[in-house]
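Shown next, in structure tokens, is the structure this report addresses.
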Amino acid sequence: PLKIFVLHRHLAFYLSRLDIQNKLVFEKSLTPHTPTQRIKAIAIGGSAESLDKIFTIIQNLALADVSVFIVQHFPRDARNILDTLLQDKTPYRTMIPEDQTPIEPNVIYIAPSDFHMRITPGYITLTQDTLVNYSRPSIDVLFETASNTYKEALLAILLCGYGNDGSHALRTLRTNGSRVIIEDPLDCAARDMPANALKTGNYDYKFPIQEIVSYLSRIIRKETMTLHDPDIARFLTALHHRYGYDYRDYSLDSIRRRLQKTMIDRGFSDFQTFASQVLNAPELFEELFLEFSINVTHFFRNPQVFRQIRDTILPYLDTYAHIKIWCAGCSTGEEPYSLAMLLKETGLLKKSQIYATDINPFVIAEAKNGLFNRQNFAIDSQNYAESGGQHTLSDYFDPIGDILKVTADLREKILFFQHSLVNSGVLNEFQLILCRNVLIYFNQHLQTRTIQLFDKSLDRHGFLILGQSETLPNHEAHPTFHAFDPTYKIFRKRKFF
């Protein structure tokens, strides 16, 4: 069979999202030999054919101040004795927890048969509620609750098995900044579970079992790293001068987490060494750039917002001879394509033009292709229906084998191009601007500058839509916008004559 080896991380993710098998190969010369770590918890999920893989991971795992949680699918009427089997192979203490067991470091917790194992701050909760993916315990339940508790301090590992348990939670892990390793399906006899997970694109690495062990040996250590604010500020200034990307007004906490994650993934323990490598190795900067770029999206994400656009905004926009809409921070294109579908259903597509921009040129290239996998189609179809869709979502795609391509009439109405909200200027005069879940990564100064940019880019009666966790500074008395629909974060320019 054809084997595809990929040197570019984003291309590897893209191919996996399209269900095209590939292997990501790192540039070894950029990885120093000194490892480091910031992981506080490891969550491992496996099903059929995964027991030997769990043994391999645990018996090679260095003792460190981490907690380990394991869910393996197991007959519900049988007692799980994995704790006994593992105890002789590891310096960690192993146990089957009871409900409300306190969480401690240096302990491996193994989900009991027929109970979901939910991770909460400080405690494990066991429940016997509904089966998830035909399973109890469920990997999805473990991954999602552990990620919500540990955020970027969690490493999740999905091993062999049948079905798709674990796949749904990966979107939560990506949003929370948790790291995800999926076992290479070619390393498995039971390939369904890792193969389905890879199709989501929500993962960091695809490794065979020995590379998983090697990765863990690099990052699981006693050391921790501290990045000081002045050092980060100097690095961001140098980054701007060297590559032209300006992150100086991004949220410092967000930047610090992503710097630490890239350092850990590449095995750097010293920030000055890492900074020097980034400034002198464009390949390493590109990896950091991709880490800085947040890409979590779906078609008709937050469907009630699209229903409001359909019911309250588009009837007003219909009074214009030409409609211009800007999707700022469009990621891989699901939002602008969703808008194009909505415009077509309301008879406005022919007189509309959508501008879709993102700072990341790789996701722009992906968005232009208009290619998507069927993996998330159930979620997307539900979102479409809840947004008031009049047909079926599949009507807007041409099938190419297992891949779906957005129809040409929608693609030709969207202009995708790279644009930075930090240092690029006004684009046009729009009746509607969407910038959802972008401002949360900016500091207050950059948020204010971005809102001013939108003000200058909007028609005097135009609408601005932000993300559900975002709002305008002092929005009740904002000088240029008023809250048109505060529930869905829809704002409109104040009328000045």
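Positions of Cβ are set from backbone N, Cα and C atoms, glycine also.
Positions annotated as active site by TrEMBL: S47, H73, D165. Here TrEMBL flags 35-223 as domain 'CheB-type methylesterase'. The domain 'CheR-type methyltransferase' annotation in TrEMBL covers 220-494.
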Averaged pLDDT, computed only over the residues in the domain 'CheR-type methyltransferase' (220-494): 89
DSSP three-state assignment (helix, strand or coil) for H73 (active site): coil
For D165 (active site), the number of other Cβ atoms found within 10 Å of its own Cβ: 29
Cβ neighbours of H73 (active site) where a neighbour is any other Cβ within 10 Å: 24
